[in-house]
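Below: the structure, in structure tokens.
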Amino acid sequence: RRKLPVLFTYCSLRLERDEGTRVRSCSEVECLRRKIKYYFMNPCEKYHARGRIPWKLMLQIIKIAIITIQLVSFGLSNQMVVTFKEENLMTFKHLFLKDYVDGGMDTYALYRQADVYDHINYIIEQYGHLRNITVGNHAYEKNGITYTPMSLCQEYYRNGTIYPGNETLEIDAQVETDNFELHFKRLLLVKIMFTLKAINLQTVRHREQPDCYDFTITFNNEVHSGRIKVDLENDVEINECRDWKVTGASPKNIHLTLLFDCLIIITCIISLALCTRSVLTGIQLQFEYTLYCRDHTSKEVPWSDKLEFVSGWYILIIVSDTLTIIGSVLKIEIQTKALTSYDVCSIFLGTGTMFVWIGVIRYMGYFKKYNILILTLRAAFPNVIRFICCAGIIYLSYCFCGWIVLGPYHEKFRTLNTVSECLFSLINGDDMFPTFKNMEKKSRLVWIFSRIYLYTFVSLFIYMILSLFITLITNTYDTIKQQQQSGTPTSELQRFISMCQDLPNSGVYRLQESRSCFFDCFSFR
């Protein structure tokens, strides 16, 4: 009788301890559930949950505006450079190519030895009288007190004896270069190179610092069975003018442009840091959720749920920020005349701006009608990749077959690149009749094969593969639409989050924002 109250007291203490552990465990799981739910909230819901101003959203809006302004400014400047280069190239074709007609470079060729010498002499004479005949501001390049000379080089086989009449030849395949008498039987290439300078005054009208351009003109004469093609190329090098003065118009202050580019770099660095922090936060929550599932449900988290914590939009913004930073640095180098690679800078700036604008779709996904389209693209993406891999194998097989069989008889099948472009056009229903019509009929067997080849390709890709591709997207769209209408969670992660009924404005999200609830649970134990 005396031990009964002691036993009752012990049992009561043990029960209270178990209840306290259970309450504490439930509280920590609810904390984890709230943290995950808060992570997947949109900026407006996060503002109501914790009262935080959506700096990241505001930064992205500002970044889109200033990056677009930067791209437009660079595009207009690049457009002036490209126009100046193309018009100068056309000018040099009329000045140095004898009897040149616009659009005639494909058929511009020489067939007689006398024509080759006459053409070279014409180039030399035009070069000597350039100052008197050109209407542009072209001049010879000058190094110190001497002018850069014109050079004429030929490439030919070292030794060779060729007799087509009795089908005999003896030739040394080693190539030599000199500038003496032309060896037409062994001739491979003739180059006439000279350098000219010009100043692009077009930039002055737009109140920018004028540029000095170095033009390197190359004439390539390749031997093709007695037909020597003549080509003209230019290699532009942009330098800063050593002494320049503009009156009547105030030039743009280069420092303001450089300051604007530096502002874009700083903005992208801040955006890069914020998005990287969000990605790391998602990875940390993934570890906490994985630990919870492993210890409380004895289940492994599927990769689809793990990838939910790694936002592809943040990865896209990180990539776009990196490309924009690199492109802005190259743009600063171009503006200071330390670099002339407009193409590389254009690739980085253009791709970065494209990704920035694609990132806008993320914020449109907060609206239900737009979100279903985004969810369809994301859900269908794995199946689309698998489908493209299978269809790509069939596509490559047709490319190789068409190249090797139809190449000698059809202009569109001469190279693998043109074959791929032709077949892709056929898939889209473009240029279909000319592809059939332009097939040469020199070989009856190849002509019949071409009909079988083209009909089977068009039927297979247009009527079967494209239809299956559209069906794949449509089925995914219907599945996502049914899921949204039913409102039932489709994954373990969504079911775990849906158990949290706390609204964003309930105030519970403001408590201990920075704590890792589930990790604290294990540290307590």
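Including glycine, each Cβ sits where the backbone N, Cα and C put it.
The feature domain 'Mucolipin extracytosolic' is assigned by TrEMBL to 81-178.
As annotated by TrEMBL, domain 'Polycystin cation channel PKD1/PKD2' applies to 343-480. Across the domain 'Polycystin cation channel PKD1/PKD2' (343-480), the prediction's mean pLDDT works out to 88.
If you look at the transmembrane segment (258-280), the same-chain residues 6 or more away from its ends with a CB under 8 A from one of its CBs are 55-56, 59-60, 62-63, 66-67, 70, 310-311, 314-315, 317-318, 321-322, 324-325, 328-329, 331-332, 335-336. Annotated transmembrane segment per TrEMBL: 258-280 (among others), in sequence order.
As annotated by TrEMBL, transmembrane segment applies to 312-332 (among others).
According to TrEMBL, the transmembrane segment annotation covers 344-364 (among others).
Residues annotated as transmembrane segment in TrEMBL: 384-406 (among others). Outside the transmembrane segment (384-406), and at least 6 residues removed from its termini, the chain residues within Cβ reach (under 8 Å) are 413, 415-416, 419-420, 422-423, 439, 446, 449-450, 453, 457, 460-461, 465, 468-469, 472-473.
Counting same-chain residues at least six beyond the ends of the transmembrane segment (452-473), those with a Cβ under 8 angstroms from any Cβ of the stretch are 376, 380, 383-384, 387, 391, 394-395, 398, 401-402, 405-406, 423, 426-427, 429, 432, 435-436. Annotation comment: TrEMBL describes 452-473 (among others) as transmembrane segment.
Each residue in the domain 'Polycystin cation channel PKD1/PKD2' (343-480) gets a DSSP state, and the totals come to 121 helix, 0 strand, 17 coil.
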